[in-house]
Amino acid sequence: MDANQIAYTVNERAPAVPQWLNKGDNAWQMTASTLVGIQSMPGLVILYASIVKKKWAVNSAFMALYAFAAVLICWVLVCYRMAFGDELLPFWGKGAPALGQKYLVIRARVPESRHRVTTDRYETTVPFFPMASLVYFQFTFAAITLILLAGSVLGRMNIKAWMAFVPLWLIFSYTVGAFSLWGGGFLYHWGVIDYSGGYVIHLSSGIAGLTAAYWVGPRLKSDRERFPPNNVLLMLAGAGLLWMGWSGFNGGAPYAANIDSSIAVLNTNVCAATSLLVWTSLDVVFFGKPSVIGAVQGMMTGLVCITPGAGLVQPWAAIVMGLLSGSIPWVSMMILHKKCSWLQQVDDTLGVFHTHAVAGLLGGLLTGLLAEPDLCRLILPRETRGAVYGGNGGVQFVKQIVAALFVIAWNVASTTIILLVIRLFIPLRMPDNQLEIGDDAVHGEEAYALWGDGEKYDPTKHGWHTSSYSEVTAPSRFVDGARGVTISL
């Protein structure tokens, strides 16, 4: 035996490389976790800081940054095992820490995710990597859910109320959806499909975000009427990190570097690209010019829509889903939003209801129609097919509807109760004097230190607000893509 063979044998038998460990799967799972983490930090931090009005750049970025850190600590202290541990209730796991060495180095498993196989005995789906990889991977999903929710309340939520809301919503809302659909809860055993979070993450964050926006209250009238992004190029950089990170989002869902993971990554990008092109085309047809904010929203709805079925549909179906995700949420945001007086009253800052709740619901229902039987066999524990493939597909579609109704109802109720409790101790909305000033009043910091030497900003002397610029080159209108409102300047 030569030196290389000896080294290989020693390494294979080392305590850090147990016989059950698949190095490739573990490497991909950690890579996918990092990609999903990058979607939030710095992806959504940059996106939020750039897409909002200048005076809210720091506050918006901090809300995302705080949520990422707070969720991680709550996750390892109690929430991971509420979502993926032993059953307490049919929709909730027993909370416990995920910090001990003996727990984290064992082979990853989700105790309640058992299913009956052809040998008529129960088996547990066990990945070929350690529990530590699974804990971190699922943390990144929990974190991005809270950060997406934050998009509905940017520009007015009291930062102290937000700091209290994050751990409470994680405990009493997110863990319920995650356990019910992924951790072995009643919806999982009933056979509902949510491949990578169309319901657990996107429908939840969109519904909870709209509910939170209602209870927190609106921005100042001046901010609602005009809320332009302060840096479009950085907004695109954040959006790019979000898009590329989605390969880990959906590619890591099978818990293995396998065929299904490859299908999921391809479908994810195909659907996102299709949706972006459809949304942009509709902007051109109806508004006369392509909106960059609109393109980002179209990208987002495509990514959200494909998520519940990314590894279960064929690429042609991903294109169909992209066509619908680029058009149906566009209609809900640009047309229905304007015609619904209640939606007009609720100030959903970035339109999270449309880009995540509508697109997530759409994706879950389309998965119930388009899930391909052979692809389902690659990963799902039971015989499953979409309605277009006949058989029990119609029943599957009904299951998708019922699961969506449960997720919607739970998020409306839990978010409402949490905010009403917080309101007893902390105002949910900032006072008007802070809303007038923005970041400097809330954090004592500003995103752009242009006037750091004490010079006061004078709109008659600086930037495009000067009369000569406005008269000659300023655009005649601004399309607020987040709310679908055209505002004359």
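Heads up, the Cβ atoms here are built off N, Cα and C, so glycines get one too.
Under the heading domain 'Ammonium transporter AmtB-like', TrEMBL lists 28-448. Annotation source TrEMBL lists transmembrane segment at 27-49, 61-83, 135-154, 166-187, 199-217, 229-249, 261-280, 292-310, 316-337, 349-371, 401-426.
When each of 166-187, 292-310, 401-426 is checked for Cβ pairs under 8 Å to the transmembrane segment (135-154), 166-187 comes out on top. If you count C-beta pairs under 8 angstroms between the transmembrane segment (349-371) and each of 27-49, 166-187, 229-249, 401-426, the highest count goes to 401-426.
Here the listed stretches are 166-187, 199-217, 229-249, and the one with the most C-beta pairs under 8 angstroms to the transmembrane segment (27-49) is 229-249. Sequence-remote contacts of a segment are chain residues at least 6 beyond its ends whose Cβ falls under 8 Å from one of its Cβ atoms, and for the transmembrane segment (199-217) they are 141, 144-146, 148-153, 156-157, 161, 165, 169, 173-174, 177-178, 181-182, 192, 304, 307-308, 346-349, 352-361, 363-364, 403-404, 407-408, 411-412, 414-416, 419-420, 423, 428-429. For the domain 'Ammonium transporter AmtB-like' (28-448), the predicted model reports an average pLDDT of 94.
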